[in-house]
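Trainee: If you scroll down you'll find the structure; I have some questions about it.
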Amino acid sequence: MAHDIPQETPQDVVDDVTTPNEIDLFSMLDSSFHSGVFQDPFVPVDNADGPRFLDTEACLCQLRPEPVKGDTVWWQCVGNQFNITDTGGKWFQARNVDALELVANNTLGPIYDASYAPDSSQGFEWDDSQQQLTITGDRTPGLNVWDTACTAENNTLFSTTLYRAAAEIRANQTPVDAAPCWRPGAVPIQIQDYENWQEHGCKDGFLCSNNTVNSLPQYCTPITECQLARLGGIDCKLNGVNIGMGPFEPVICQAGWYCPREEKGMVTLKCPSGHYCQAGAPTPTPCAVGSRCPEGSSFERYLLPIVLLLVIDVLLILGMIHLGIRKRHRNSSAGAIRQNHFAAVIGGYKQVAKKRHEEVNHEPALRRQVERQDTFRGLGDQLHEQAPPLSHGKTVRHNPDPEVSPTIRAFVVSMRKATSASEFGLSFGYDQLTFALKNSKRPILQNVTGSINSGSLTAVMGGSGAGKSTFINVLMGKTQYTKGSVTVNGIPGKLKQYKKLIGYVPQDDIVLPELTVYENIMHSAKIRLPRTWKDSDVETHVNAVIDCLELSHVRDSLVGSVGKPVISGGQRKRVSIGMELAAAPMAIFLDEPTSGLDATSASSIMSTLKALGKLGITVIVIIHQPRVEIFEMLDDMILLGNGQLIYEGPQSQAKTFFEQMGFVFPPGANCSDVITDIITGNGRRYKEEGDISKDALIAQWAKGSRVSLLTNESVDRFWQPSHSRNPSDTTLAGSESSDADTSRHNRSSLMSISKLKAGARISMLSISNPQLSRILKHRGAPRWRQTLLCLLRSILQQYRTRSNLWFEIGLSTLAGVLLGLAQKPKNGAFFRGQYNKPYEILSLSADYVAAPQMAMLITLAIGLSSAAPGVKLFSEDMLVYRREAEAGHSRVAYFLAKTISVLPRMALACLHFSAPLFLISMPVIPFWTAFLANLLYVYCIYGLASCMSMVVRREDAPLLATMVSLIVGILSGAAPSLREAKRWHLDWLWRAGPGVWLGELYFGQLVRPFDYLYDVKIASQVTGYELDRLWVNMLIMVGIGTAYRLLAFVGLVRGGKLRV
C-alpha cells in the first residue's frame, strides 16, 4: 500500500484541496527533485497535460504521439524521470484510440483520463537507426535499468497520489501527498541503490510496498513522536499499524503478521493458526506440540508443560492421600503387623511375613507385644537364666539346648553363620600406644600397654581429659598415633583392617530419624553381612537382633530425631546398638552408651552388652561413674589418667589393687564412685597419708609393684574367658593377704601378668588369621549393591520428609511466576538489535541486555531456590555417613546414591520453575531446550551447595551456599558484561562458573533466530557471548556440575575437620 492513500477520483482530490501549507514544499521539491539527489515519482515533472499514470514499478506513463511521424498515439513509460526525452523510455501501444483525430485536435484528455489503456503485454523501444519503435527483446541495450523495469500496469494508489499532487500544484499549494517525508522540510536519504535492490530486493522482515527500482528505499527523519518511540524501542504506529516516515521508507513487518520472501516484501499476511510471527517475520514459525497459537499470534504459549505439571502434581497428591489412608489403616489394630508397602518397595525392605515367628520359631508372646516398653530384660535375663556359657575351648553345639529361648537360638545361629566359626569374639593387644597432637610436645596418650580378652565386657574409665576416647580412637585406627603397636588375635596389624568385623556405637545416637527401627537395622545388615547371604537369611538375622534387643513392639515406628523423638532415648540407643549387631560383629566398641539415660535405661543397656559378652562377642565400653549394678556387670577395666594407665585388669580385682596401695573403701560404698575419685586425684578421703596424685598412681602401675593376691591357680583362672570364670574364683581369703608368702606375691608385677595373659589368649585362639581373612573377604555387599541400597534409602528419606519437597516445589513455582510476570511486558521479544545493512539507519534503540538479564534472573532464582536444598543432601546425614564409612561402607556408593537420588527431585523442581516462567514470559526459545538448560544449572547449584556443605558447619552451609550461588549468578555475563570482564582480563573467572554458560546459551537461542533481520555479530561483540555453542554450553555445565561433585566427594572423604 502507498502509505494508506484513499482511493478517490481525481476530481474529488481537486475539490478537496486544502489551504496552502506554511512551508513551501513545492519550492523544495522543485529544487531538490530535479537535482538528481533522489527521485519522487509522486511529483509531476511538468504541467501534467494529457493522460498519465504511475505503473507498478513507479514508471511515469504518458499518452503521447509517436516520435517523428506523430500519426499514432503510444504510452511512453519512463523510469528515470530526471531524464525524459522524446524517444526515451519503454513504449506501449494504446487501445481503442483514433490517433489521427486525437493528434489533429490535440484532445488527448485530462491527466486522469483512462479511456485509452495501454497494451502492457508487449513493450517497444525507439530505434534511432530505423527511426521507429521496435519490439524489446530479452536484451534491450537501448533501455537503462530504470526504464527496463516499466510494466505499463496502473498502480492506482501511486496514480491517485500523483493526481492529488498535480491538483495541489495547479492550485499553487504545497503538494503534501507528494512529500517524500512526513516531517515538514525533511530531506530523504536513499538507503538502497538499484544494484542492491535488483540483487536482494526488499530485505527479509520488511514491508516495501511502495519501493521499486524507480522508488528505491529511503530514510526520512522521524517526526518527534515517532523519534521518541524509536528511542524507546517501539515502532511508530498509526491506528495500530506500523508506518514509515515517508512513502518510500521500508517498514518492519508487524508482530502477528509476516512478509513472505517470495513476495519480496510487497505484501503482508496474517500469521496463520498453529504458528506465531514475531516482528519482522519473513515466514511463520510453527508452534510446538501442545502449544497454543491462534491466528495472528506473535508468541507461543507453552501449555503442554503446564498440563504435564498439573498431571504430575495431581498424581502426587492422590498418591499422598492414598498412602495416608493406608497409614491410618496400618496403625489400626487390623493393620498393626503390616508394614508400609510403599516404604518396603522403595526402601528395599521386604514386608514382614505374618507367620515369621513360625519360620524362626519365636515365641508368640514376643510378637504380640504392642505396648511401648523402655525397660529391657529379654536378652540379658534369658542369658543369665538359660544360656550355657560358650567355652573358648569348646565348640558351640549346632543344636543348642532346647531350653534356650528361640530368640537367643536364632541370634546365636546367625552369628555362627556370619563368622563361620564357633568363637565370635576378637582379642586385642596393644603395646606402648602413644599419641600427640601435631606441633605438641605433650602427648595426650602415652605408653599404654595391655590387652582385651575376647568375649569380655571391658570398661574404659577415667576422669574428663583422661584420654578415654583418644585411647579408643587410637586403638581402632581412627587417628594416627606416633608410636605403638596393635595385635588382633595375636597378629600384628591395625584394627582398620578388621573394620568390617568390628562395630562402633558412638556416644550420640547416630541413626536416620526418617527410617523406622526395622529399616535402620535392615540397611546396616544388608550392607555389612556376608554377600553370600540370601535375603531370607538377612531377614531372619535382623528379626533375631530386633527381638533380642526387645524392639519388636516399635519395629515399625520411626526413630525420630533428638528434637522430635518418636521412641524413647533407651530405645534409640538400642537401635544404635542393633545397627552394629545387624552386621554380626566379632567385637563392638561403645562410647558412653549410658550417657543421657536414666538409671533404669542405663542398666538395661549394660545388661544387653553383658549378654553379648556372654555370647562371645568382645565388648569395649567407655563409661563414666557406673552405678553398682553396672559396675558388677563388668569383666575387665582399663583405668586411665593423664593419658596413661592406672590399672588394667579384672573388675573384681580393682578394689583389692587400690586397697593394697593404701586406699580404704568405706563399707557399703559404691566401688565405682570410690575408684573414680581415686583415679581423678580426689582420693584423699580414702587415704590419709601418702601421695594420692594421678602421677603417683601412674608411676605405681608403671613400676608394676603391687601386692598380688593371686595364687598360681588363680592366675590360671584369671586367663580364662571372663564369662567362664566363677566369682568365687577371684575371691581371696583374708588369710591369703596376710600370709607369709605375701612377699613372694609382691615380687609379681601386674604388667608381667598382663603379658602372660596376652600370650595365653594367643595360644587359645580358635579363629586363625586365614579364617579372619576369609571372613573379611566375603563381608559386605558389593559396591553396586551398596549403591542401590543407599539409593533406595535416600529416596525413602525424601518421601518421609516430603514437606521439604513441597516447600522446594512451591518456592520454585513462585520464583517462576514472579520472574515470568517481570518479563511479560516484552511479549517474548528479548532481543532488539541493529538492522542488517543497508537498513541499519532505520533501527530502533538496540536492546542487547534483555536476554542476558533474563538469563541472570534465572540463575539468581534457581540459586536462591536450590542452594539450601542442595546443602541438605549431605549435611543432614553427615554423622551417619561417617559412622557407616568407618564401618566399611563404600564412600563412592554412598556418594553416588545420594547424588542420583535427587535427580528426580531436581527435575520436578525445575519443571515447576520453568513451566510458569515460559507460560507467562513466552520467550522465543524451544521450551525443552530451555528446560534442559535450567535443569543443568540446577545440577550445578546442587553440586556447588554440596561443596559448601563439606567445608563449613551444617548451620552455616545454607547461608554460604546461597551467597555463593548469588555470586555465580551475578557473574553470568549480564552486568558486568562478559566483554568488560575480558577487558579486565578476568573472563576466566566468569567462565569458571556455570552462570555465564547458561547466559551464553540463552543469548544464543534468543538472538540467533533473528540473524536474517538484525546484525547479530555486533550483538555478540558488544556482550562478549558466542552465538552457536548450544551443546558446548550444555556439556560444559554438565562438566562444571560434575566437577563440583568431585570436589564435594573429596571434601566428604578428606574435609571432615573443616566442618568442626
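Placement of Cβ uses the backbone N, Cα and C atoms for every residue, glycine included.
Features from TrEMBL:
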- 302-325: transmembrane segment (TRANSMEM)
- 428-667: domain 'ABC transporter' (DOMAIN)
- 720-749: region 'Disordered' (REGION)
- 721-737: compositional bias 'Polar residues' (COMPBIAS)
- 805-822: transmembrane segment (TRANSMEM)
- 854-874: transmembrane segment (TRANSMEM)
- 895-919: transmembrane segment (TRANSMEM)
- 925-945: transmembrane segment (TRANSMEM)
- 957-978: transmembrane segment (TRANSMEM)
- 1030-1053: transmembrane segment (TRANSMEM)
Trainee: By a Cβ-Cβ criterion of under 8 Å, what residues six or more beyond either terminus of the transmembrane segment (302-325) are in contact with it?
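Mentor: Same-chain contacts beyond the ends: 288-292, 340, 342, 802, 908, 911-912, 914-916, 918-919, 922, 927, 931.
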Trainee: For the transmembrane segment (895-919) against the transmembrane segment (1030-1053), do we get 3 or more Cβ-Cβ pairs below 8 Å once near-sequence pairs (under 6 apart) are dropped?
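Mentor: Since 3 or more Cβ pairs under 8 Å link them, the transmembrane segment (895-919) and the transmembrane segment (1030-1053) do come into contact.
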Trainee: May I ask whether the transmembrane segment (1030-1053) has at least three C-beta pairs under 8 Å with the transmembrane segment (957-978), counting pairs 6 or more apart in sequence?
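Mentor: They do not touch: fewer than three Cβ pairs between the two stretches lie under 8 Å.
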Trainee: Quickly jot the same-chain residues contacting the transmembrane segment (805-822) by Cβ under 8 Å, restricted to those at least six beyond its ends, or write none.
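Mentor: Those are 798, 857-858, 861-862, 864-866, 869, 905, 908-910, 912-921, in sequence order.
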